[in-house]
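Peer 1: Okay, handing you the structure first.
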Amino acid sequence: MAMVCLSDFEAYAKKYLPKIAWDYFAAGADDCTTRDENILAYKRIRFRPRMLRDVSVMNIRTKILGSEISFPVGIAPTGFHQLAWPDGEKSTARAARAMHTCYIASTYSTCTLEEISAAAPSGLRWFQLYIHRNRTASQQLVRRAEALGFQGLVLTADLPYTGKRRDDVRNGFRLPPHMKVKNLEGAFEVCKMNDWSEYGLPPNSLDPSVTWNDIYWLQSLTRLPIIIKGILTREDAELAVRHGVQGIIVSNHGGRQLDEGPATIDALVEVVEAVRGRVEVYVDGGIRKGSDVLKALALGAKCVFIGRPALWGLAYKGEEGLQDVLRILQDEFRLSMALAG
C-alpha cells in the first residue's frame with residue numbers, strides 16, 4: 001500500500017506488530033482520555049491564512065540550543081525500539097542523522113548509549129534521563145552520555161511512579177528474554193524470573209523523591225544543557241527557568257502518566273507565556289500532520305518531538321520507514337506554511 005500519511009504507518013504497525021508490542025506502544029493511562037485529547041486538541045485549532053504572500057522560497061530550518069536542524073521536528077524519547085525493529089535505537093539514530101534532526105535517546109533503550117552513538121557518530125543526539133533510587137547508576141549514565149558526545153540532557157519529570165496502563169497489566173507486559181534495558185544492565189540486583197518486573201527493571205527502582213533541587217545535582221555532574229520534560233503549568237515553567245534549565249518540553253508522556261490532565265498543545269500556550277523567551281520551549285504529544293507542527297510553532301514552540309509515529313516508521317521498514325515518516329511530516333509542514341502564507 002502507498003504510505004501517504006502518518007496514519008498509514010499506524011495502521012501498518014497495528015496490523016503487523018505482535019499484540020503485546022502494539023499495546024505497549026499505544027497504551028495510555030487509565031481511560032486514555034489525555035492520550036486521545038492530545039490529538040483532538042490539534043483538530044480544534046484553526047488557521048487564519050493570508051494570501052498573495054510570495055511563498056516561492058521557504059526556509060524550514062531552525063536551531064535548537066544552537067544546533068541547526070533541517071526542520072522543526074525531532075524524535076522524542078521512547079523505550080524499547082527493538083520491539084518495533086530488530087536494530088532498535090541504532091536505526092532510529094541513523095534515520096535522525098540522515099534527516100538532519102535531533103534524536104532523544106531514552107534511558108530505557110534496548111541498545112547501549114555506545115551502540116547508539118556508533119550508529120550515527122555525527123548525529124545530533126540528546127539523552128533522556130530517569131533518576132533511579134540507585135543514584136550512582138544515574139550519575140554514570142549522565143557521564144557516559146556526555147563522554148559519547150550527546151549534546152543535551154533531558155530530565156523526565158513526570159514519572160515518579162509508572163502510570164496505570166491497563167493493556168500492559170492485562171497482557172502481563174514483559175520484555176522478551178533476548179531484550180534488555182541495556183543502559184542499566186548490572187545497575188540493579190537481578191530480578192527473580194517470577195518477580196513482577198517494571199518494564200524490564202525491578203519494581204520501585206525509580207526514585208519518587210526527586211525534586212527541583214536535583215536539577216542542581218545534575219548541573220554538578222555535567223556541562224551539558226539540561227532540558228526538562230513533562231512541564232504542563234505556568235508555575236512549573238517558572239520554577240524550571242529559576243532553576244537554570246535551558247529548555248522545556250511541554251509533555252504529558254503521551255497520555256501515559258496522569259490521565260485527564262491538559263492536552264500538550266493547550267498547555268503550551270500557558271508555558272510559553274510564563275517563560276517569556278528566557279528558555280526554549282518544545283512540545284510533544286499528538287503531532288500527526290505537518291499542519292500540527294505549524295500550529296505548535298504558531299503557538300510558541302521552537303520545535304516539536306514525535307513519539308509513537310517514529311515507532312510506527314520503525315515497524316514499517318526500520319531506518320528507511322522512519323525516514324519516510326519524517327519526510328512526510330517535512331513535506332506537509334512546508335506545504336502548510338505555504339498555504340497559510
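Backbone N, Cα and C atoms are what each Cβ position is placed from, and that goes for glycine too.
These numbers come from a predicted model, not from an experiment.
Pulled from TrEMBL, these are the listed features:
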type: ACT_SITE; residues: H253; note: active site, proton acceptor
type: BINDING; residues: Y24, R165, H253, R256; note: glyoxylate binding site
type: BINDING; residues: 77-79, S106, Q128, Y130, T156, K229, S251, 284-288, 307-308; note: FMN binding site
type: DOMAIN; residues: 1-341; note: domain 'FMN hydroxy acid dehydrogenase'
Peer 1: Around I287 (FMN binding site), how many other C-beta atoms are within 10 angstroms of its C-beta?
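Peer 2: Its Cβ has 28 other Cβ atoms within 10 Å.
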Peer 1: Applying the rule Cβ within 8 Å of the centroid of the Cβ atoms of Y24, R165, H253, R256, what extra residues of the same chain belong around the glyoxylate site?
Peer 2: A27, G28, A29, T162, G163, D168, G254, G255, Q257
Peer 1: List the recorded positions among Y24, R165, H253, R256 whose C-alpha is within 10 Å of the C-alpha of G307 (FMN binding site), in sequence order, or say none.
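Peer 2: Correct set: H253.
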Peer 1: Determine, to the nearest whole angstrom, how far the Cα atom of I287 (FMN binding site) is from the Cα atom of H253 (active site, proton acceptor).
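Peer 2: Their Cα atoms are separated by 13 Å.
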Peer 1: Let's check the environment of R165 (glyoxylate binding site): how many other CB atoms sit within 10 Å of its CB?
Peer 2: 23
Peer 1: Determine the C-alpha span of the glyoxylate site listed in the record, that is the greatest distance between any two of Y24, R165, H253, R256, in Å to the nearest whole number.
Peer 2: 13
Peer 1: If I take the Cα of R165 (glyoxylate binding site) as reference, which of the binding-site residues G79, Q128, T156, S251 has the closest Cα?
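Peer 2: Comparing Cα positions, the candidate nearest R165 (glyoxylate binding site) turns out to be G79.
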Peer 1: CA-CA, which of the recorded positions Y24, H253, R256 lies nearest P77 (FMN binding site)?
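Peer 2: Going through Y24, H253, R256 one by one, the closest to P77 (FMN binding site) is H253.
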